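Engineer: Starting off with a structure, shown below.
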Amino acid sequence: MERALLILKPDAVQRGLIGAIISRFEQRGLKFQGLKLMQVDEALARRHYAEHEGKSFFNGLVSYITSAPVVVAVVAGKPGTVELVRAMVGATNPAKAAPGTIRGDFGVDIGRNLIHASDSPESGERETAIFFQPHELIGEWNRALDNWIYE
């Protein structure tokens with residue numbers, strides 16, 4: 001199964017959008033393999049955003065993601081899951097995100113764009129390893145409705 005890491009950022013948590021956002025992924029047939037509410041510390045934030053270190057916005061990213069609790073989740077599905085998740089999330093700038101996407105429906109500002117999602121299957125695996133220990137993840141499991149979603 002292909003996996004993507006999701007982070008419901010501080011603005012999503014503070015605005016009470018956790019349930020509304022999570023339900024969208026469940027309704028599309030994706031399976032949650034891990035889910036937790038946590039406070040990201042500076043070291044973890046710097047590790048997660050390491051690819052942006054040295055860029056003008058790096059310190060702002062670290063400061064924001066550590067400012068309040070976040071929800072971190074791993075969703076899994078068939079090949080193409082990361083692409084599906086990215087389409088559901090919408091453009092980085094909520095002003096340019098299509099209606100029907102998470103950012104298009106709930107987002108207000110590019111600096112408060114609600115959610116992070118892995119941008120490739122490789123990133124999904126790398127980011128999952130940053131936020132979850134193997135024992136915190138549920139592997140393959142079947143829901144009663146899976147036969148109605150997947151061929």
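Cβ atoms are placed via backbone N, Cα and C, with glycine included.
Annotation source Swiss-Prot lists ATP binding site at Lys9, Phe57, Arg86, Thr92, Arg103, Asn113. Annotation source Swiss-Prot lists active site, pros-phosphohistidine intermediate at His116.
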Engineer: What is the total of other Cβ atoms whose distance to the Cβ of Arg86 (ATP binding site) is within 10 Å?
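Structural biologist: The answer is 16 other Cβ atoms.
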Engineer: Since the record lists Thr92, Asn113 as binding-site residues, which of them has the fewest other Cβ atoms within 10 Å of its Cβ?
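Structural biologist: Taking Thr92, Asn113 as the binding-site residues, the minimal 10 Å Cβ count falls on Thr92.
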Engineer: Given the binding-site residues Lys9, Phe57, Arg86, Thr92, which lie close to the residue listed as 'active site, pros-phosphohistidine intermediate', meaning Cα to Cα within 10 A?
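Structural biologist: So the list is Lys9, Arg86, Thr92.
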Engineer: Over all shown protein chains, what is the count of other CB atoms within 10 A of the CB belonging to Phe57 (ATP binding site)?
Structural biologist: 11
Engineer: Look up Lys9 (ATP binding site) in the DSSP assignment and report helix, strand or coil.
Structural biologist: coil
Engineer: Three states by DSSP: which one describes His116 (active site, pros-phosphohistidine intermediate)?
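Structural biologist: Once the DSSP labels are grouped into three classes, His116 (active site, pros-phosphohistidine intermediate) ends up as strand.
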Engineer: Taking 10 A as the limit, how many CB atoms besides its own sit near the CB of Lys9 (ATP binding site)?
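Structural biologist: A 10 Å sphere around the Cβ of Lys9 (ATP binding site) contains 22 other Cβ atoms.
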Engineer: Please list, in sequence order, the residues in the chain of Arg103 (ATP binding site) that are at least six apart in sequence and whose C-beta is under 8 Å away from its C-beta.
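Structural biologist: Result: Val89, Gly90, Ala91, Thr92, Asn93, Pro94, Ala97, Asn113, Leu114, Ile115.
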